[in-house]
Amino acid sequence: MSKRAYNFNAGPAALPLEVLERAQAEFVNYGNTGMSIMEMSHRGPVYEAVHNEAQERLLSLLGSPSGYKVLFIQGGASTQFAMIPMNFLGQGQTANYVMSGSWADKAIKEAKLIGETHEAASSKESKYMSLPDLKDMKLSDHAAYLHLTSNETIEGTQFKEFPDTGSVPLICDMSSDILSRPFDLNQFAMVYAGAQKNLGPSGVAVVIVREDMITDSKHLPTMLRYQTYLANNSLYNTPPSFGIYMINEVLKWIEEKGGLQGVQAMNRKKAGLIYDAIDHSDGFYRGCVNAEARSDMNITFRLANEELEKQFVKESEQAGFVGLKGHRSVGGLRASVYNAVPYESAQALVEFMQQFKSNHS
Ligand code: PMP
């Protein structure tokens, strides 16, 4: 393939072409050092500048309320599922979870290995095709925290508003929609995300945490304590330096696009275009989740039967589209339109969908 694919992968996912080209230009000789960023010491000033810049840029994009720190941790968002209860769920406390989809399910499973849990709200009865109404949420006594998943990547749902949890710390898995829209960081005690959708390549999870959440949990293994990352500026051991460099470049790109408001406008346009195509298809395409819960990042839809869905995937691949098959656990189709997916890809998809419909109805 000589041109870039129409990449709708769910993660790892499309990165901005400008960022890839910038990285390519300095791949073998970063800043006249005679080596790539991957080949230099993580204790040297050149790498450390990139590391610190990525942290500062991220806080600045989020409006930098004071008291928050950015940590870079390996093991993906899945390791955070375990680290959160290990670090924050104390004796006599209960970890509260909003059960919104497959990823919330995975998160609570890890917490159950560590201590007491409580489902504060759930839409499991709808097979997660809707979101639980957070107004009906019931927190347990002695709640250590409330864990929320802002965007369910597999089902294609996204919370539009976040709950006020008062003195109970709100912790949010934003793996699949971080930096896709503005939000008020002050509402959260901690936000985290695997990088491989909106932030950069896989291999690093970004944790933005209110400093006063972190206590010295010496009973835990060193690498599983947030304190280790906080005390050592995420440089206790060798960090995933190339990934962090790429995150810094993606953050620059977001700034160039007008920050979070800028990317949100782009994202709404792209998602709007595709949802319109679904809604105006006379039922040929059917959105999987109810309209209020729809995600601007992961658009899930179905056709009349699985045979036709298979045909859609096959023909889309022949036409240069990648990643439109739904997650294996739910089937159907899914277009992931993260920040870096160009508007032209969304337009091309809509044209393809219209053509496919007229060929097959
Ligand atoms: N949470 C959400 C919402 C996700 O989409 C994913 C990955 N698709 C994860 C957690 C797990 O992330 P990782 O693969 O980085 O462990």
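Cβ atoms are placed via backbone N, Cα and C, with glycine included.
The domain 'Aminotransferase class V' annotation in TrEMBL covers 6-348.
Taken residue by residue with DSSP, ARG43 (L-glutamate binding site) is part of neither helix nor strand, so it is coil. Counting every protein chain shown, the Cβ of ARG43 (L-glutamate binding site) has 9 other Cβ atoms within 10 Å. The L-glutamate binding site annotation in TrEMBL covers ARG43.
A helical conformation is recorded for ALA77 (pyridoxal 5'-phosphate binding site) in the three-state DSSP classification. The pyridoxal 5'-phosphate binding site annotation in TrEMBL covers ALA77, SER78, TRP103, THR153, ASP173, GLN196, ASN237, THR238.
In sequence order, ALA10, GLY11, PRO12, ALA13, THR153, SER175, SER176, ILE178, MET297, SER336, TYR338 are the residues near LYS197 (N6-(pyridoxal phosphate)lysine), counting only same-chain partners six or more apart with C-beta under 8 A. Per TrEMBL, the feature N6-(pyridoxal phosphate)lysine maps to LYS197.
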Revision key, fill the gap. What remains of the binding-site residues ALA77, SER78, THR153, ASP173, ASN237 after requiring a CB under 6 angstroms from ligand 1 is ALA77, SER78, THR153, ASP173
Check your understanding: According to DSSP, which of helix, strand or coil covers TRP103 (pyridoxal 5'-phosphate binding site)?
Key -> helix
**Study point:** DSSP three-state assignment for ASP173 (pyridoxal 5'-phosphate binding site)
**Key:** strand
Point to revise | C-alpha spacing of ARG43 (L-glutamate binding site) relative to ALA77 (pyridoxal 5'-phosphate binding site), in angstrom | key: 25
Review point. How big is the gap, in Å, between the Cα of SER78 (pyridoxal 5'-phosphate binding site) and that of ARG43 (L-glutamate binding site), rounded to a whole number?
Key: 27
Practice item. Would you mind giving the whole-number mean pLDDT across the domain 'Aminotransferase class V' (6-348)? Key: 97
